[in-house]
Amino acid sequence: MYREWVVVNVFMMLYVQLVQGSSNEHGPVKRSSQSTLERSEQQIRAASSLEELLRITHSEDWKLWRCRLRLKSFTSMDSRSASHRSTRFAATFYDIETLKVIDEEWQRTQCSPRETCVEVASELGKSTNTFFKPPCVNVFRCGGCCNEESLICMNTSTSYISKQLFEISVPLTSVPELVPVKVANHTGCKCLPTAPRHPYSIIRRSIQIPEEDRCSHSKKLCPIDMLWDSNKCKCVLQEENPLAGTEDHSHLQEPALCGPHMMFDEDRCECVCKTPCPKDLIQHPKNCSCFECKESLETCCQKHKLFHPDTCSCEDRCPFHTRPCASGKTACAKHCRFPKEKRAAQGPHSRKNP
């Protein structure tokens, strides 16, 4: 009996040591993961604009979101449905109009000088037997929200503006006197801490992270023939992903927004040809092919059409403002001339019949 009790105690001690060793082994990993989450939270809390927030949460493709905000017609470049809009993001989709509203609201609520009215008597600290008419004046004072809980909107520069008011004293012994009053006007504002603090002193709120969403980052863009695996937190081949074929992941791949011969220029917010043409050749605007321009002002004029130098084509509509030429015909303002041989043929005839 005593021997069995000793064996049980030994196994219990070994089990306790094993559990402690396992917790010590994973402790640094958990602390490191928690530290990463805290840093990410700090960055998100300190974001001062929608663009900065998207830059943090979607660091690889924030420029495209900026383009979508700037260009309202960007979403119409793709013929797919709204749920599969042209985007290189593999994260959550946002409606572009909603983002515009959020961005405008964010800008309006930033810490900045705002027009407000202040009571003159309280502002100047006058006695109760003196009052002003009008009693209040319009000035600019700092107001708005800061992006961190520990900061407040404070003025960094002040000017004094003069207001002409009636000063009245009681009991009334004379008529109201017109006096100049100087009132503080805030010209600069900034979010400043109220007191020195620890950089990580923000109150933490309890957030439960679902087991299936514990990747250190959100879904990422995967190469063609690969899909994002939320369990492995990485891109895997389609045959390795158990959900392959059961869910439409076409929106996670590089979209065919600009076609096979073009690419999206994030700085210019437009589709451009991947390979430019030599200077002596014209580039087709749709398929980016290079060709020699065979049309000219003269050839188009013979067809009774107008020459478009950018597309090297003869079209009915003028790309510039039209004006009447000396011949009485209407032509482009920059192309008000006709073929030389035609003018030569018209010359003698015009001299005979002025």
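Every residue gets a Cβ built from N, Cα and C, even glycine.
Features reported for this protein in Swiss-Prot:
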type: DISULFID; residues: Cys111-Cys153; note: disulfide bond
type: DISULFID; residues: Cys142-Cys189; note: disulfide bond
type: DISULFID; residues: Cys146-Cys191; note: disulfide bond
type: CARBOHYD; residues: Asn155; note: N-linked glycosylation site
type: CARBOHYD; residues: Asn185; note: N-linked glycosylation site
type: CARBOHYD; residues: Asn287; note: N-linked glycosylation site
type: REGION; residues: 222-318; note: region '4 X 16 AA repeats of C-X(10)-C-X-C-X(1,3)-C'
type: REPEAT; residues: 222-237; note: repeat '1'
type: REPEAT; residues: 258-273; note: repeat '2'
type: REPEAT; residues: 277-293; note: repeat '3'
type: REPEAT; residues: 301-318; note: repeat '4'
type: SIGNAL; residues: 1-21; note: signal peptide
Legend entry - Closest of Cys142, Cys146, Asn287 to Asn185 (N-linked glycosylation site), Cα positions, recorded positions only: Cys142
Legend entry - List of residues, in chain order, with Cβ under 8 A from that of Cys111 (disulfide bond) and at least 6 apart: Cys142, Gly143, Gly144, Cys145, Cys146, Cys153, Cys189, Lys190, Cys191
Legend entry - DSSP helix/strand/coil residue counts for the repeat '3' (277-293): 0 helix, 4 strand, 13 coil
Inset, instruction - Among the disulfide-bonded residues Cys142, Cys146, point out the residue whose Cβ has the most other Cβ atoms within 10 Å, with all shown protein chains included in the count. - result: Cys142
Inset, instruction - Can you grab the distance from Asn155 (N-linked glycosylation site) over to Asn287 (N-linked glycosylation site)? Cα atoms, rounded to a whole Å. - result: 56
Inset, instruction - According to DSSP, folded down to helix, strand and coil, what is Asn155 (N-linked glycosylation site)? - result: strand
Inset, instruction - Could you tally the C-beta atoms, other than its own, that fall within 10 angstroms of the C-beta of Asn185 (N-linked glycosylation site)? - result: 18
Legend entry - Neighbourhood of Asn287 (N-linked glycosylation site) by C-beta distance under 8 A, where only residues 6 or more apart in the same chain count: Gly259, His261
Legend entry - DSSP residue counts for the repeat '4' (301-318), split into helix, strand and coil: 2 helix, 6 strand, 10 coil
